[in-house]
Amino acid sequence: MTFFEFLEPMFLIKAAGLIGVIIIVFAESGLFFGFFFPGDSLLFTAGFLASQGILPIGWLTLGCFFAAVAGDSVGYAFGKAVGEKFFTRDDSFFFKKRYAEKARLFYEKRGAPAIFLARFVPIVRTFAPIAAGIGLMKYRTFIVFNVAGGLVWSFGFILTGYFLGRTVPGIDQYILPIVLLIIIISVLPGLFRLRR
C-alpha cells in the first residue's frame, strides 16, 4: 500500500469507520500536521456511504460538525500559545512554512470572514485558525465564523453525497470521478493564488 492509497477517502472510511472519519476531520481542521488529509472528498464519500447504510447519517453529520469546530478551536488556541515563532519554524515532514504563510496572507487579506472561507480551501483550512490565534482575533469573533463555516462545510458535503446516493441510480459507478472533481475544484483557488 502506498501513502496515497492510504489517503484515498473510500479506503480511509472503510478502514477507520465513523470514529476514524471524525478524528480525521478534527485533525485536518486545525492540527498543523493534518493538512495532508482529505477533507471535502472525505465528507462527500462518507455521505455517500451513509446513503448505502454503511455509516449512520445523523452521527456522521453531527460528529463531523463538532470535530471541525473543535479542530479549528484547537488550532486557534495553538496559534495564540505559540505566536509569531510558529512562522519561523523549519520545514519538516509535518510542517511546510509556505503553507502557513499562505494561510496567514489569506487571513490578513480577508479578516474574520477568512475563517469561514478557509473551510473550502484545502491546506488553508488547516492553518487559518492558527493564523487567527497568532493574529489575536477575539475568540468570540472567531467562534462565530468557525461554527458557521463548520456547519456549511460538513453538512454541505456530507448531505450532497448522501442525497446523490439516495436519489441517483447507479451513482456508485461515478463516485471516483466525482471525488476527483471535488479535489480539483477544492485545489483550484490555491492554484490561481500561486499563479498571481
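Placed from the backbone N, Cα and C atoms, the Cβ positions cover glycine too.
TrEMBL entries are annotated by machine, without manual review.
Residues or ranges marked as transmembrane segment by TrEMBL: 12-37 (among others). Same-chain residues lying 6+ beyond the ends of the transmembrane segment (12-37) with a Cβ under 8 Å from its Cβ atoms: 6, 43, 45-46, 49, 54-56, 59-60, 63-64, 66-76, 78, 94-96, 99-100, 122-123, 125-127, 129-130, 150, 154.
For the domain 'VTT' (37-162), residue counts in helix, strand and coil come to 99 helix, 0 strand, 27 coil, using DSSP. Annotation comment: TrEMBL describes 37-162 as domain 'VTT'.
The annotation transmembrane segment is assigned in TrEMBL to 57-79 (among others).
Beyond the transmembrane segment (142-162), the same-chain residues lying 6 or more positions past its ends with a Cβ under 8 Å from any Cβ of the stretch are 25, 29, 40, 43-51, 57, 60-61, 64-65, 68-69, 72-73, 76, 112-120, 129, 132-133, 182. TrEMBL lists 142-162 (among others) with the feature transmembrane segment.
Under the heading transmembrane segment, TrEMBL lists 174-192 (among others).
Per-residue pLDDT, averaged along the domain 'VTT' (37-162), amounts to 85 for this model.
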